[in-house]
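Copied over from Swiss-Prot:
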- Lys15: N6-acetyllysine (MOD_RES)
- Lys15: N6-succinyllysine (MOD_RES)
- Lys126: N6-succinyllysine (MOD_RES)
- Lys126: N6-acetyllysine (MOD_RES)
- Lys140: N6-succinyllysine (MOD_RES)
- Lys140: N6-acetyllysine (MOD_RES)
- Lys158: N6-acetyllysine (MOD_RES)
- Lys168: N6-succinyllysine (MOD_RES)
- Lys255: N6-succinyllysine (MOD_RES)
- Lys255: N6-acetyllysine (MOD_RES)
Amino acid sequence: MFLLQGAQMLQMLEKSLRKSLPMSLKVYGTVMHMNHGNPFNLKALVDKWPDFQTVVIRPQEQDMKDDLDHYTNTYHVYSEDLKNCQEFLDLPEVINWKQHLQIQSTQSSLNEVIQNLAATKSFKVKRSKNILYMASETIKELTPSLLDVKNLPVGDGKPKAIDPEMFKLSSVDPSHAAVVNRFWLFGGNERSLRFIERCIQSFPNFCLLGTEGTPVSWSLMDQTGEMRMAGTLPEYRAQGLVTHAIYQQAQCLLKRGFPVYSHVDPKNQIMQKMSQSLNHVPMPSDWNQWNCEPL
């Protein structure tokens, strides 16, 4: 195991991961944030350097004090060799399997590795598999070979106009975390609320405020640079409002040089159509999350 330290190593890692997009996207986005201030205080581990086969991004041990907090106890993994990956993840200094944790990756082949480890280390695992989307602008910049112009929507990728008297674009405030938490599919508890508050305080997030000055639609970003937790109050749905929050956030990220990507549940046809209307393109790899609990 090798801990990457210093700006030069992390920049080399980012450059190397770029060659493996979109399979490495979750890890690539996380390393980009580490190279821009590292707001979540993460660390990068590789099996060897510089010719690594497996990379794991994880929090510092001192930040993982709550054994039940899988939002904090999150690992991002990319590997070019599954046998090597299983051996690397098996190391206690790489992953603390005694905790409730989650592993995220845009690499579906890791499922076999994690299921094998679940059998040998006695933990139960729940997998969430979703459609991975990347903005066409990001694809053009990072992986132009993936961009099939024939399949792009005809539109300009901009949302329809909304009534400026009714809705005002704003940033998300920490006081808005509770409403985001209430409607987040992976949230709804105290630990997820703390995670959302941390994301709001650390990254650019956007919302639409209604006439009462409270959020009616929003889009946030997590420590991997992914746009997540987007939602709209039920009484304001079917108006295309969330499209505005996501569009503004995407423009902000593009200006900063970050990849624009997100995931959508395969059953959520509405958000799939919304993603395509913004010229976000489904990727050949999936978005994966494995929630692991020791037995």
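A Cβ is built for glycine as well, from the same backbone N, Cα and C atoms used for every other residue.
Structural mapping of features recorded in Swiss-Prot.
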residue : record            : CB count, 10 Å
Lys15   : N6-acetyllysine   : 11
Lys126  : N6-succinyllysine : 10
Lys140  : N6-succinyllysine : 11
Lys158  : N6-acetyllysine   : 13
Lys168  : N6-succinyllysine : 13
Lys255  : N6-succinyllysine : 9
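In the three-state DSSP scheme, Lys126 (N6-succinyllysine) is classed as strand. Note on proximity: of the modified residues Lys15, Lys158, Lys255, the one nearest Lys126 (N6-succinyllysine) is Lys15, by Cα distance. Taking the Cα atom of each, Lys140 (N6-succinyllysine) and Lys255 (N6-succinyllysine) are about 14 angstrom apart.
DSSP assigns Lys15 (N6-acetyllysine) to a helix in the three-state reduction. Cα proximity to Lys158 (N6-acetyllysine) (within 10 Å) is found for none of the modified residues Lys15, Lys168, Lys255. Distance from the CA of Lys15 (N6-acetyllysine) to the CA of Lys168 (N6-succinyllysine) is 38 Å.
When the alpha carbons of Lys255 (N6-succinyllysine) and Lys15 (N6-acetyllysine) are compared, the span between them is 19 angstrom.
The DSSP secondary structure for Lys158 (N6-acetyllysine) is coil. Mapped onto three states, the DSSP output places Lys140 (N6-succinyllysine) in helix.
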